[in-house]
Amino acid sequence: MARQDYIRNFSIIAHIDHGKSTLADRLIESTGMLTKREMEQQVLDSMDLEKERGITIKLKAVRLIYQAQDGHEYTFNLIDTPGHVDFSYEVSRSMAACEGALLVVDATQGVEAQTLANVYLALDEDLEILPILNKIDLPSQRCDEVVQEIEDIIGLPAADAPRVSAKTGLNIDQVLEAIVRDIPAPNGDEDAPLKALIFDSNYDSYKGVICYVRIFDGQVKVGDTIQMMNTKKSFEVVEVGVNANGHIPLDQLRAGDVGYITASIKEVRDAQVGDTITLKNRPTDKPLKGYKKVSPMVYCGIYPAEGEEYTEIRDALEKLKVNDAALDFEAETSAALGFGFRCGFLGLLHMEIIQERLEREFDLNLITTTPSVIYHVMTTDHELLEIQNPSNLPDPSEIEYMEEPIVRAEIMTPTDYVGAIMELCQNRRGVFIDMQYLEETRAQITYDLPLNEVIYDFFDALKSKTRGYASFDYDLKGYQQSDLVKMDILINQQVVDAFSLIVHRDKAYERGRKICERLTDAIPRHQFAVPIQAAIGSKIIARETIRALRKDVLSKCYGGDISRKKKLLEKQKEGKKRMRSIGNVDIPQEAFLSVLKYDEES
Ligand SMILES: Nc1nc2c(ncn2[C@@H]2O[C@H](COP(=O)(O)OP(=O)(O)OP(=O)(O)O)[C@@H](O)[C@H]2O)c(=O)[nH]1
């Protein structure tokens with residue numbers, strides 16, 4: 001058999017928490033790349049943040065060697081994928097480098113919204129899909145029903161699917177054999193001109209940009225001059241190799257391989273994820289199809305909490321953008337906050353993760369403004385504007401009409417929660433489309449919802465109303481005319497543009513009142529009374545007041561010991577770090593976030 005017949009390139013897809021990372025660990029462990037002791041930490045989820053949140057964000061590839069029952073040694077290239085709806089573009093990225101996907105389904109939960117979403121992406125990439133039932137060690141497993149679900153809902157035969165426990169390692173050998181048996185081997189042409197897909201990249205201060213690639217045709221070795229087909233830039237290859245417990249340099253990579261290439265590439269934008277690499281003196285005529293361009297759906301402003309960090313934020317955003325094509329940013333200024341950036345994200349989770357990475361990995365103190373979706377505004381001059389910053393909205397007298405983005409949402413839920421979910425969607429201006437019973441106890445509900453309602457903690461509300469049992473997935477459906485208004489928030493009589501938001505007219509009063517209440521709680525008391533108001537144009541629609549402070553904090557420690565006094569001052573200073581002073585009022589970072597929260601009871 002040919003060399004490539006012993007290669008299997010695959011990824012693992014699953015609904016969040018169904019056990020994808022745990023299964024990856026078992027595969028890594030049972031192929032002997034690492035010893036159990038070295039496995040103390042999950043290998044594929046390497047970012048701290050991921051560990052804490054328990055979700056896989058950035059994909060990585062790892063090479064495993066498997067001694068199969070047929071007596072041959074196989075090379076497995078396992079490419080990790082994120083499981084959350086916000087990251088489906090990264091799922092397609094890793095899938096494009098594979099021939100197959102293991103579909104992990106939790107045998108206690110069954111098929112969920114993102115199981116389906118991931119399957120559709122895999123089918124788009126023509127992957128062979130191997131269902132695997134996980135968590136069979138749990139007494140609540142219901143394998144037979146879940147097999148039926150996989151066959152009925154997804155349409156994949158699943159009667160012979162391996163039934164495993166990724167946690168205990170039970171039946172993992174069946175998965176390894178199924179990979180050999182059912183996932184097709186790559187069949188590229190080693191003698192054809194080089195065709196390699198960049199599916200991920202990162203920046204290393206010694207090696208420059210490291211491109212993670214899947215070689216489809218041809219070969220590449222140290223010293224070759226490669227060319228990026230999209231940017232037309234050429235580089236001399238310094239190192240090629242594979243990922244297996246760190247980078248392992250090799251002489252060359254050939255058709256069918258998954259590995260990395262370094263070539264002293266200094267500029268991240270010269271090695272774009274999705275681009276095709278070929279050889280300069282023997283180029284291929286057509287690039288690989290690459291990925292569909294992803295567009296951010298949610299925007300917010302990111303500003304330094306302390307003015308001097310502006311350039312640090314720009315550098316950090318540039319670094320994060322290296323392997324996150326979906327992150328978008330440009331400079332902007334806010335009357336209240338000064339110089340900062342308008343950033344675009346795929347969704348709220350993506351936004352939170354970038355924020356946290358900026359704060360933790362780059363040690364920055366940030367203020368983020370109220371997130372917004374992109375609105376279409378038709379002016380009275382018949383010009384169509386795209387507005388993603390409420391501050392840029394033209395005067396109402398110049399607006400003919402406005403449109404907002406609508407998503408088609410699929411919610412899968414135990415039937416007990418159908419009522420609560422419909423109430424939630426109705427409350428968020430949802431339009432009911434369909435409901436189907438998947439089996440006696442589970443239903444799939446379809447709603448059209450304004451994206452603007454989804455970005456205000458819809459996930460959290462859904463989770464709390466269904467005790468975490470419902471799952472949710474959405475796709476942008478299109479734009480729809482809507483009666484929208486801009487609401488401003490005034491603090492101490494001054495409009496704080498960072499708080500401005502666009503809301504549906506019917507929701508304005510309620511939102512305005514809630515935001516004022518929240519800000520009253522979030523902003524500390526000052527020496528003077530601070531009025532907080534919500535306004536549409538010049539009309540005040542809600543008002544609260546933060547009463548003046550009477551006592552000095554230190555008066556409490558009058559006569560007390562000096563170290564306690566110091567501690568108190570230090571604590572205050574710590575708190576101050578994340579404050580912005582606007583119109584004489586100190587506004588803590590939490591206040592900016594509190595605008596986000598929606599109150600279901602109201
Ligand atoms: N009892 C039991 N628990 C399991 C099994 N496999 C995974 N788990 C647990 O299920 C939870 C989720 O597992 P992960 O592997 O992190 O899930 P994941 O699909 O990778 O999740 P994301 O990376 O967040 O998408 C963890 O608490 C695991 O310990 C299993 O076979 N049996």
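Backbone N, Cα and C atoms are what each Cβ position is placed from, and that goes for glycine too.
Unlike curated records, TrEMBL annotations are generated automatically.
Per TrEMBL, the features are:
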DOMAIN    5-187  domain 'Tr-type G'
BINDING   Asp17, His18, Gly19, Lys20, Ser21, Thr22, Asn134, Lys135, Ile136, Asp137  GTP binding site
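Checking the binding-site residues Asp17, Gly19, Ser21, Ile136 for a CB within less than 6 Å of any atom of ligand 1 leaves Asp17, Gly19, Ser21, listed in sequence order. There are 24 other CB atoms within 10 A of the CB of Ser21 (GTP binding site), with all protein chains counted. Spread of the GTP binding residues is 17 Å (greatest Cα-Cα distance among Asp17, His18, Gly19, Lys20, Ser21, Thr22, Asn134, Lys135, Ile136, Asp137).
The secondary structure of Ser21 (GTP binding site), as reduced to three states from DSSP, is helical. Across the domain 'Tr-type G' (5-187), the model assigns an average pLDDT of 83.
Ranking the binding-site residues Asp17, Asn134, Ile136 by the number of CB atoms within 10 A of their own CB puts Asn134 at the top. Remark: Gly19 (GTP binding site) has Val104, Asp106, Asn134, Lys135, Ala166, Lys167 as non-local neighbours, by Cβ distance under 8 Å and separation of at least 6 in sequence.
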